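Heads up: the structure comes next, in structure tokens.
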Amino acid sequence: MQRFIKWLAVITSLDLLIVLLGGALVTKTGSGQGCGKSWPLCNGEFVPSNLSMETIIELSHRLTSGSAGILVTLLCILSWKYYKHVRETKTLAILSFVFLVAQALMGAAAVVWGQMPAVLAIHFGISLISFASVILLTCLIFEIDQKFDARSLIMDKKMKFHIYGVTIYSYIVVYTGALVRHERASLACPDFPLCSKNRPMPTQLHEWVQMGHRVAAMLIFAWILYAMILAIRHYKQQPVVYWGWIISFILVTLQAIVGILVVFTNASLSMALLHSLFISCLFAVLCYLVMLGTRSKVNAKEAASTSKQTK
């Protein structure tokens, strides 16, 4: 059974990643109304008779979201049953399921009633939490902790502050990026790093949205760089923290490069999807570090208790 659960966890993780990228594809191609204002049917039909490209994209996204719902539900039930001895299992299972349902309902509401761009931008963030929760659940199932000796990890307050702070802030950056997409502001500023050679400062809403995201992205790049330097200096003996921050910096660097290329490639589809891919992976890594941070306090208490007993 454990072998089956491992395969299920991998397939579920991949399916949720496809859902995330599919949502970005729907937004990028303007396919949100590919099935009209009909849900769960498509244009009022179970199998649509007229298949335009927008309809195919929207319908494919709905199907992958539906399959993800089934897989996540099954994974939550099995992990709850067979891995309940691991402290985080129940919490992650609940988060995976609840946020997947929330993003599905929000997606349906957007189709039927429509939503403001500011509200639609939350949709990607909700999906991201479900994805990260399933990734963490998969890590627990594959016992990644034991390979990195993460169960004995103890961090200082400074490192935990950076882990929690960067993760929370990354969610804000994700929201600003999703807002850029839903406001159709990807090309509002044709230059980089300033908005325009002739107008360095934004002058209208779309430019402010674009430049706001750029500033937020620059700050998270600098923050992750600083945290990585701390990890390299002080956590060489803790591989999971050491490599966690190095991987985070690699991902945020790739994210920044692709973000710049979005501007200079006229917001090409491939760059837009890569942009969503890298931020999804980065958020999952940061969430894993958060999970380790919550354990650190417990590990420190256990170490102190053991020390007292030996004395």
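Glycine is treated like the rest: Cβ placed from N, Cα and C.
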Arg3 vs Ser268, membrane side identical per Swiss-Prot: no
Among Cys139, Cys195, cysteine joined to Cys189 by disulfide in Swiss-Prot: Cys195
CB within-chain contacts under 8 A for His123 (heme o binding site), separation at least 6: Gly23, Gln103, Met106, Gly107, Ala110, Ala178
Inter-residue Cα distance where the pair is Cys35 (disulfide bond) and His61 (heme o binding site), in Å: 11
Chain residues outside the transmembrane segment (122-142) and at least six past its termini with a C-beta under 8 angstroms from it: 2, 5-6, 9-10, 12-13, 16-17, 19-20, 23-24, 72, 75, 79, 83, 86, 88-89, 92-93, 95-97, 99-100, 102-103, 106-107, 110, 171, 174-175, 178, 181, 276, 279-280, 283-284, 287-288, 291
Neighbouring C-beta atoms (10 Å sphere around the C-beta of Glu58 (active site)): 25
Tertiary contacts of the topological domain 'Extracellular' (28-62) (same chain, 6+ residues out, Cβ under 8 Å): 19, 22, 108, 110-112, 181, 267, 269, 272-273
DSSP three-state assignment (helix, strand or coil) for Cys35 (disulfide bond): coil
